[in-house]
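The next block holds one structure in the form of structure tokens; read it before the comments.
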Amino acid sequence: MSKLFWAMLAFISRLPVPSRWSQGLDFEQYSRGIVMFPFIGLILGGVSGLIFILLQSWCGIPLAALFCILALALLTGGFHLDGLADTCDGIFSARRRERMLEIMRDSRLGTHGGLALIFVLLAKILVVSELALRGTPMLAALAAACAAGRGSAVLLMYHHRYARDEGLGNVFIGKVSGRQTCITLGLAVIVATVLLPGMQGLAAMVVTLAAIFILGQLLKRTLGGQTGDTLGAAIELGELIFLLALL
């Protein structure tokens with residue numbers, strides 16, 4: 001199980017993980033690592049939250065919010081943001097399904113993808129700033145949001161089909177069992193409620209899960225399934241929705 005954790009950490013982040021820590025693990029086994037997603041989100045969000053706390057007293061809340069969101073993007077190598085941009089480029093092209101999937105494969109950034117990146121990043125910075133001004137514990141909020149975003153992405157894997165013939169997302173989409181889905185969602189809920197006691201964390205988690213479930217159904221209807229890009233979009237939007245729900 002420890003090998004799966006290190007493999008997942010290296011897979012969805014840019015944190016330096018020695019290859020020997022996940023040595024001998026077959027790529028096809030990665031689907032079992034979905035249960036690690038909330039914990040990986042907890043780590044990434046915790047680092048981002050620490051950066052916010054360290055910078056807040058030095059440069060103020062707005063700049064601290066800017067740098068903690070920038071750090072989060074760098075920690076993931078922009079992996080999920082790229083998926084968000086590609087998904088929006090494809091979906092909002094208003095073309096046929098096959099053409100949408102082709103556009104999503106294009107490495108060039110389109111207008112809709114650019115607008116989506118601007119909106120999501122700016123919204124995160126503004127929401128983090130507002131939460132801090134309201135006295136929300138930001139280390140806990142950011143760690144919980146990242147755990148919620150990654151945990152809720154399992155809703156786009158279970159009982160969904162892969163929209164393409166091949167790709168990274170095929171490792172998870174349609175390969176996750178009901179038991180793994182329940183464990184992943186349960187862990188995300190536990191992380192959120194422990195870090196944000198009372199109804200605040202639980203309520204934000206419920207809102208996030210409902211929103212991502214609806215997103216998954218809309219994407220399924222539009223694309224005929226899910227891709228690695230739509231998983232990235234779900235993670236980014238899940239983080240934002242969780243933070244918004246804390247307001």
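Glycine is treated like the rest: Cβ placed from N, Cα and C.
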Problem set entry | Correct range for transmembrane segment (source Swiss-Prot, candidates 3-23, 171-191) | 171-191
Seminar exercise, completed: Same-chain residues at least 6 beyond the ends of the transmembrane segment (113-133) with CB under 8 Å of its CB atoms are 52, 56, 61-62, 64-66, 68-69, 73, 81, 84-89, 141-142, 236-237, 239-240, 243-244, 246-247
Exercise. Given the transmembrane segment (59-79), which of the listed stretches 138-158, 171-191, 194-214 has the most Cβ pairs that are under 8 Å apart from it?
Worked result: 138-158
